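Worksheet: the structure to be examined is printed underneath.
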Amino acid sequence: MGPAGLKVLLLLFLGAFQGSFTKKKNLQSVCGRPVHTGRIVGGQDAALGRWPWQVSLRFDYTHSCGGSLISDHWVLTAAHCIKKTWYSFLYSVWLGSIDREYSSTGKEYYVSRIAIPDKHRHTEADIALLKLSSRVTFSSVILPICLPNISKQLTVPASCWVTGWGQNQEGHYPSTLQELEVPVISSEACEQLYNPIGVFLPDLERVIKEDMFCAGERQSRKDSCKGDSGGPLSCHIDGVWRLMGVVSWGLECGKDLPGVYTNVTYYQKWISAIISRAPPGWGGDSTHMTSCSLLCYFLWLSWDPPEPLALA
């Protein structure tokens, strides 16, 4: 290769490096900073743009769970929201809207690939990454939320905010996104609530695992519920909103026991590993994925998949 060829390679390398650096820098400058920052009142309709990372995860065009936009290509949700990972072509996400149904401000993106931890069983390792088939365009109503900064010790505030279109106290599913401030409860304190005899039986298996924590108001009966699963527990830390929890499960929404959340910090290394090893065309641009989609679609037409676990 001559000097001209080496020069071209060097320019390509520098361009790729600069693009990667700029993208990372830009993400950190916009994540967790909603344009609309008005006063939040709990247990009511959310304002448009207040939670711009909120996702409506749809299976076969119907809302099934919540989720959180964490970059221009990735969404984080709960693993139990995913019926079958090879059904990725039937999943889409709805962004930029507070309406459960379609609206003029929202935009739909299709899922090209799904990643779930190998150790996921029922409520354990209840976390999933969804790669979108096209890049998300950020706006005043579509922005990512920051992930926890594992390079330094973060102090989780006494209360955070849960959002979603889940079932309310009347048993109805609201059409408008709901927001609720909930107190954060440590894993140990929550374990005593869910497993009161555990203190007398130290060998008894824990209910609240090391990758879980709780949040919710026991007395006021305010909590996340069915339909909120996979949605964010957003905490305001160091001037930005960070995704500290994913709505996972609970028993009888808002009745004496708090909701249980997957601890995002616990899975931060897993998240980084999945995203870093996914090349630009991972999933959506794959010929194998396209041909598989047609086959899977015909299989899906002839088989009714089971409902996902939806305790939260």
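Just so you know, glycine gets a Cβ as well, placed from its N, Cα and C.
Straight from Swiss-Prot, the features:
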ACT_SITE  H80  active site, charge relay system
ACT_SITE  D126  active site, charge relay system
ACT_SITE  S229  active site, charge relay system
DISULFID  C65-C81  disulfide bond
DISULFID  C160-C235  disulfide bond
DISULFID  C190-C214  disulfide bond
DISULFID  C225-C253  disulfide bond
DOMAIN    40-276  domain 'Peptidase S1'
CARBOHYD  N149  N-linked glycosylation site
CARBOHYD  N263  N-linked glycosylation site
SIGNAL    1-22  signal peptide
Assigned element (helix, strand, coil) containing C160 (disulfide bond), judged by DSSP: strand
Distance [Cα-Cα, Å, rounded] between C190 (disulfide bond) and D126 (active site, charge relay system): 17
Lowest local Cβ density (other Cβ within 10 Å) among disulfide-bonded residues: C190, C235: C190
Recorded positions compared (C65, N149, C160, C214, N263) - highest count of Cβ atoms within 10 Å: C65
Rounded Cα separation (Å) that holds between C65 (disulfide bond) and H80 (active site, charge relay system): 10
Which same-chain residues, if any, lie at least 6 apart from D126 (active site, charge relay system) yet have Cβ under 8 Å of it: A78, A79, H80, H120, V246, S248, W249, T262
Alpha-carbon distance [N149 (N-linked glycosylation site); C214 (disulfide bond)] in Å: 20
Spatially closest candidate among C81, N149, C160, the listed recorded positions, to S229 (active site, charge relay system) (Cα to Cα): C81
Rounded Cα separation (Å) that holds between N149 (N-linked glycosylation site) and C160 (disulfide bond): 17
